[in-house]
Amino acid sequence: MSGHTHPCCKIGPSILCADLSCLADECRRMIHSGADYLHLDVMDGHFVPNLTFGHPIVKCLRPKMPDVYFDMHMMVQNPEKWVESMADAGANQYTFHVEACEDIPALCRKIQESGMRVGVGLKPGTPVETILPYSDLFDVVLIMTVEPGFGGQRFMEDMMSKVQYLRTNFPDLDIEVDGGVGPSTIDVVAEAGANMIVSGTAITGATDPSQVIALLRNSVENAIQKSQLER
């Protein structure tokens, strides 16, 4: 798994939880509040019951924020179908779900060749062992701590064993956690070893998003520091 030694903390607000009627402004507000990247949920109404947006939205956002890192969370059937159009729209990371993919190595290569980072997502019911045979093909593993497709669900703390397993066995990997993450759950996420934190309403709905982002960052950076001292 590619990555850099001691993965650093990155906070990515999930913009689906923002006011979609003024999406570009909301995205800018998140970046100005200290976000490291934006997490964009793409849902097709098949893989998950909800429907959101696709590459045309990304293409419109890109010129308005040329330097912002777009992490596409592709909750879609046939994820191989959208690689070129997302790359063309200006996406930086393409995270597909292992449950929706028939040929993982082929899809990872396709994403890499398109110039995007490769992310692989696991639903709560999918064991982490599923992705181990392909561990050298992706840059990021996304551990879902809610069932994908709906906001506002309760955080599943038992998913932290997957994060711990990955961090122990792949110390340089970017591990992303998404679902119910906020001030009340960040410590357990950070201690398990996640370094890429997706948070929705906890950030976008806050009176002061920068305060929430700082709090999340503080927790993750402390945990990283602590684990480095223990290594």
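Glycine is treated like the rest: Cβ placed from N, Cα and C.
Heads up, TrEMBL stuff is auto-annotated, nobody curated it.
As the structure is a computational prediction, the values presented were derived from the model and not from experiment.
Sequence annotations record features per position, and here TrEMBL assigns active site, proton acceptor to Asp41. What TrEMBL lists as active site, proton donor is Asp178. The feature substrate binding site is assigned by TrEMBL to Ser14, His73, Gly149, Phe150, Gly151, Gly152, Gly180, Gly200, Thr201. Positions annotated as divalent metal cation binding site by TrEMBL: His39, Asp41, His73, Asp178.
A Cβ within 8 Å of the Cβ centre of His39, Asp41, His73, Asp178, the residues given for divalent metal cation, is found for these other residues of the same chain: Gly12, Ser14, Leu16, Leu40, Asp71, Thr95, Leu142, Val198. Around the Cβ of Ser14 (substrate binding site), the number of neighbouring Cβ atoms within 10 Å comes to 24. When the binding-site residues Ser14, Gly149, Gly180, Thr201 are screened for a Cα within 10 A of the Cα of His39 (divalent metal cation binding site), the ones that qualify are Ser14.
For the binding-site residues Gly149, Gly180, counting C-beta atoms within 10 A of each C-beta gives the highest total at Gly180.
A C-beta separation below 8 Å, combined with a sequence spacing of at least six in one chain, links His73 (divalent metal cation binding site) to His39, Leu40, Asp41, Val42, Thr95, Gly119, Gly121, Leu142, Asp178, Val198. Counted within 10 Å of its Cβ, the other Cβ atoms near Asp41 (active site, proton acceptor) come to 23, all protein chains included.
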